[in-house]
Amino acid sequence: MNSVGSPLLWGSFAVLITIMLLLDLSLQGRKKEQAMSFRQAAVWSVIWVSLSLLFALGLWWYCRETVGVAVANSQVMAFLTGYLLEKALAVDNVFVWLMLFSYFAIPANLQRRVLIYGVLGAIVLRTVMIFAGSWLVSQFSWILYLFGLFLLVTGVKMALVKEDDSPIGDKPFVRWLKAHIRITDNLHGERFFVKEKGLLYATPLILVLILVEISDVIFAVDSIPAIFAVTTDPFIVLTSNLFAILGLRAMYFLLAGVAEKFTMLKYGLSVILAFIGIKMLIIDFYHIPIGGSLGAVASILAVTMIINVWVNKYKATENQ
């Protein structure tokens, strides 16, 4: 499979991500007893977004010098589209985390610890999923049609099917975990495991971490095929995806207090998924350029946010 990713680009990306992760973990480790404040979350969100844009600029410059301006423009638009897609779809992931932390009564200072390991695990799992997906696409090009159909069905289902409101503790997988793993009734600070009466017990914190990882894999099943609709270049797919999820922890603490106000978001995301699915299904008849995909995704998100603001204002007026 043709890829813009040269050893220099792969190496630069790996070094940059490693340095930023170590810096982030080092700074957060000094404040492990504190919850991330809204201000800290905002600062880190700006840092991660700025770093992503700087990477896009560096990618454009490198491609311009090596393969020409046209390819540079195309690759950067693909990166930005993938990044925006992942950021948008990740908001739903944030809502699931909020429900998990609320159900298991995890305090904010311990949420930070869970999300640190959660994001690190997501990096590993998504890397494996993306390379597996790239291999499948390179071997079986028709699989893109399956991705497209899956995204179209998922988009329609997201808009029309009512969400499952049953308690998290009643979910089959949670019941299975509790039946097969010794879990303490109470939290033990930041510890994932404790010994009681000579036996090793898991704390509720490790249960939440497992569920956080599972939720990320479930959402990745939607987001990764969506990015393959934009580009099949594994370098662009991986870098756009990882840059988006690296800022996910900061996004969580940024949105935690206002999550209930995003009532219309799922409809916007459903339209995006349906659009991407249709784009993949009609690829042989009509090719939507990358710039068109980027514009469509950005426009759908913008319209969704405007409608969301209007709905919230209307509800506030009705409640007065």
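Including glycine, each Cβ sits where the backbone N, Cα and C put it.
The shown structure was predicted, so the numbers you read here are calculated from the model rather than taken from an experiment.
Straight from Swiss-Prot, the features:
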- 3-23: transmembrane segment (TRANSMEM)
- 41-61: transmembrane segment (TRANSMEM)
- 88-108: transmembrane segment (TRANSMEM)
- 114-134: transmembrane segment (TRANSMEM)
- 136-156: transmembrane segment (TRANSMEM)
- 199-219: transmembrane segment (TRANSMEM)
- 226-246: transmembrane segment (TRANSMEM)
- 271-291: transmembrane segment (TRANSMEM)
- 292-312: transmembrane segment (TRANSMEM)
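The transmembrane segment (226-246) shares the most Cβ pairs under 8 Å with 114-134, out of the stretches 114-134, 136-156, 292-312. Sequence-distant contacts of the transmembrane segment (114-134) (same chain, six or more residues past either end, CB-CB distance under 8 Å): 1, 21, 25, 28, 97, 101, 106, 205, 208-209, 212-213, 216-217, 220, 224-225, 228, 232, 234, 237-238, 241-242, 245-246, 248-249, 252. Through the fold, the transmembrane segment (136-156) approaches residues 1, 222, 225-226, 228-229, 232, 269-281, 283 of its own chain, all at least 6 residues removed from its boundaries and within a Cβ separation under 8 Å.
Of the two recorded stretches, the transmembrane segment (41-61) lies close to the transmembrane segment (3-23), with three or more CB pairs under 8 Å once pairs fewer than 6 apart in sequence are set aside. Of the candidate ranges 3-23, 88-108, 271-291, 292-312, 88-108 has the most C-beta pairs within less than 8 angstroms of the transmembrane segment (199-219). Remote same-chain partners of the transmembrane segment (88-108), defined as residues 6 or more beyond its termini with a Cβ less than 8 Å from a stretch Cβ, comprise 35-36, 114-115, 167-169, 187, 204-205, 207-208, 211-212, 215-216, 219, 222-223, 226, 244-245, 248, 251-253, 255-256, 259, 262, 265-266, 268-269, 272, 297, 301.
Distant neighbours of the transmembrane segment (292-312): 77, 80-81, 84-85, 88, 229-230, 261-265, 267-269, 271-272, 275-276, 279; these residues of the same chain sit at least 6 beyond its ends, with a Cβ under 8 Å from one of its Cβ atoms.
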